[in-house]
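Trainee: Structure below; questions to follow.
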Amino acid sequence: MMSHDQDDGELSLETDKLLQDISEESDVVGRHTDIDKSGTRSWIYDDVLDYIGLGKYHWILLLVMGWTNCGDAVEVLCVSFLLPSAECELRLTSQDKGWLNASIFLGMMIGGYVWAVFADMNGRRKTLISSLVFNAVFGALSSFARSFEMLLVLRFLSGIGVGGNIPIAWAYFVEFQPRQKRGRMLSLMAGFWMIGNVLVALLAWAIIPHTDMGHFNAYTYSSWRVFILVCTVPPITSAVLLIFLPESPKWLLENGKEEQCLAILAKMYAVNHGTEQGFNVAHVQRSQAISDISHDTSKMRHIRSMGRSVLKCRELFTPALARRTIIYTWVNIALAFGYYGLWMWFPELFKRLEESGRDDVSVCTSTLAGLNSSGEPDFGDCSEVGGSDELYINSLLVAASSLPGNVIAFAFMDTLGRRWLLAGSMVTCSLLVFFIWFIKNKLQNLILSCLFSAVSIMAWNSIDVLGTELFPTGVRATAFGFSLAFARVGAIMGNVVFGQLIDVNCTIPILLVVGFLSVGGLSGLLFPDTIGIFLE
């Protein structure tokens, strides 16, 4: 009979050998595993994702979630393209246009937070499907609006759906990504926003210049209405595609559904490697870096009342998260004010430059084009709507010019880092906006607009990646939705300010854009470095 010392020695050798085998299997630096009392391997969630690796499953997921992001861009930007043609039929003033541009952001401000809380409570996938359908239904109904007021309300309701799509889609997507590839995969997903920009410009060019698409008694279903209806195709098809995808395994794990989580992880491994053989993860646990706030959240995870949303909001302002919540929210406001304050007005500015009939005017001096002696819009008889091809070609070029920015963001997101890309791009954007005063013709205006598009997309990519990494799983979608809700305030302010002042003195809104972008960009340097961190 062997002595107890011999038993302990052999057990120690077997344990050491088991740990060595685990280490040799791992091709990821810094993997953490534990052995419980029965000898079962216990993996940290992020290490399982690293073990699975990047593969076919992730590319399929990228296509579906990228298409969702593309659809969000189409829904947000479609109003700016329909305004030049809808203004005559609905008798829109510049102030009306400002409020129409702002209406979707007002809806997104409310929907972003409410849907995000539901996603943290009830799951990412089914909540995202619900918000996409909500968005598509009210987007389609808005194409039948007979008045400015009706269009305003329906675009607001559509915005409530879009507000849920964005934070949930990002929270869902990031929870499938291995740590070392996370930044680049998120950058690729962000690149689909550019595709949405290009798609909405192409659709506008293909549809809107055709004056009337259908007559129903005294009602004319104009081409801009058809354009709105077609723009609802991406969200509804995204909802259908999501039916075939699983719930976030990270969310399932955080909600005590480890078996379901493991089943999805095993499926990911099988798709990426062609077989489930070799996937020997029997137990998975949350990251050791998870803060106490996430632990506190788990104690209440089955509460299903709206009061939970207040509690989750309070969690964002606990000592562990308050600083990053405040900074992240402020930078979102600054970026949204600067970006959307200009971007939503680009088609209108191009139209006014075109109507001026001159090649020696600046953006500010052309803003009086199309006004009568009383300073009101001159609608005429509305016999010609939609604008020329040049208007839509210019908008298409501006949208497509964000491609270089996406490439740069993809290349440097995991090397230079999120915060430096964010700060550099926002400050550069502020300088570009400042040079608007020196623009003297349509070509120069087009070039400056394209540069603004290329640089600003890097800021959006960076802030989106940071939003998924700065907060723990229990409040990730809520934090994203909360910050984006306030970003919508910035977007609303930017559009309303432009609408109120564009016919009076456009110098003031331009100076405000410069200030918000520069100060917001420098504030981004206060963020921690999140390259390769454990996803809490």
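Just so it is clear, glycine is given a Cβ too, placed from its N, Cα and C backbone atoms.
Just so you know, TrEMBL annotations are computer predictions that nobody has curated.
Owing to the predicted nature of the structure, the values given are computational and were not obtained by experimental measurement.
Feature table excerpt (TrEMBL):
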DOMAIN    59-536  domain 'Major facilitator superfamily (MFS) profile'
TRANSMEM  59-83  transmembrane segment
TRANSMEM  98-116  transmembrane segment
TRANSMEM  128-146  transmembrane segment
TRANSMEM  152-174  transmembrane segment
TRANSMEM  186-208  transmembrane segment
TRANSMEM  224-245  transmembrane segment
TRANSMEM  326-346  transmembrane segment
TRANSMEM  420-439  transmembrane segment
TRANSMEM  445-467  transmembrane segment
TRANSMEM  479-502  transmembrane segment
TRANSMEM  508-527  transmembrane segment
Trainee: Short question: most Cβ pairs under 8 Å with the transmembrane segment (186-208), which of 420-439, 445-467, 508-527?
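Mentor: Answer is 445-467, with the largest number of Cβ pairs below 8 Å.
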Trainee: Kindly state the mean pLDDT of the domain 'Major facilitator superfamily (MFS) profile' (59-536) in the predicted structure.
Mentor: 80
Trainee: In the same chain, which residue numbers or ranges, 6 or more beyond the ends of the transmembrane segment (59-83), come under 8 angstroms Cβ to Cβ?
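Mentor: Distant contacts of the transmembrane segment (59-83): 92, 97, 100-101, 103-104, 108, 128, 132, 135, 139, 155, 158, 162, 165-166, 169, 172-173, 176, 185, 188-197, 199-201, 203-204, 208, 224, 227-228, 231-232, 234-235, 237-238, 241-242, 245, 271, 343-348, 392, 395.
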Trainee: Using Cβ atoms and a strict cutoff of less than 8 Å, what residues sit near the transmembrane segment (420-439) while being 6 or more residues removed from its termini?
Mentor: 331, 334-335, 338-339, 342, 362-364, 405, 408-409, 412-413, 445, 448, 451-452, 455-459, 461-463, 466, 507, 510, 513-515, 517-518, 520-522, 524-525, 527
Trainee: List, by number or range, the same-chain residues at least 6 past the transmembrane segment (98-116) whose CB is under 8 A from its CB atoms?
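Mentor: Residues 75-76, 79-80, 83, 92, 127, 130-131, 148, 151-153, 155-168, 171, 309, 313, 336, 340, 344-345, 477-478, 480-482, 484-486, 488-489, 491-492, 495-500, 502 contact the transmembrane segment (98-116) from elsewhere in the chain.
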Trainee: I'm a bit unsure how to read this: which one of 128-146, 445-467, 479-502 has the highest number of Cβ pairs shorter than 8 Å with the transmembrane segment (152-174)?
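Mentor: Stretch with the highest Cβ contact count: 128-146.
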Trainee: Are the transmembrane segment (326-346) and the transmembrane segment (508-527) close enough that 3 or more Cβ pairs fall under 8 Å, when only pairs 6 or more apart in sequence count?
Mentor: yes
Trainee: Under 8 Å for C-beta pairs, could you tell me which stretch among 224-245, 326-346, 479-502 has the largest tally with the transmembrane segment (445-467)?
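Mentor: Counting Cβ pairs under 8 Å, the winner is 326-346.
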Trainee: Can you work out which residues elsewhere in the same chain, 6+ from the ends of the transmembrane segment (224-245), have a Cβ less than 8 Å from its Cβ atoms?
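Mentor: Result: 61, 64, 67-68, 70-72, 74-75, 78, 81-82, 85-86, 89, 125, 128-129, 132-133, 135-136, 139-140, 142-144, 161-162, 165, 196, 199-200, 203-204, 207-208, 213-214, 385-386.
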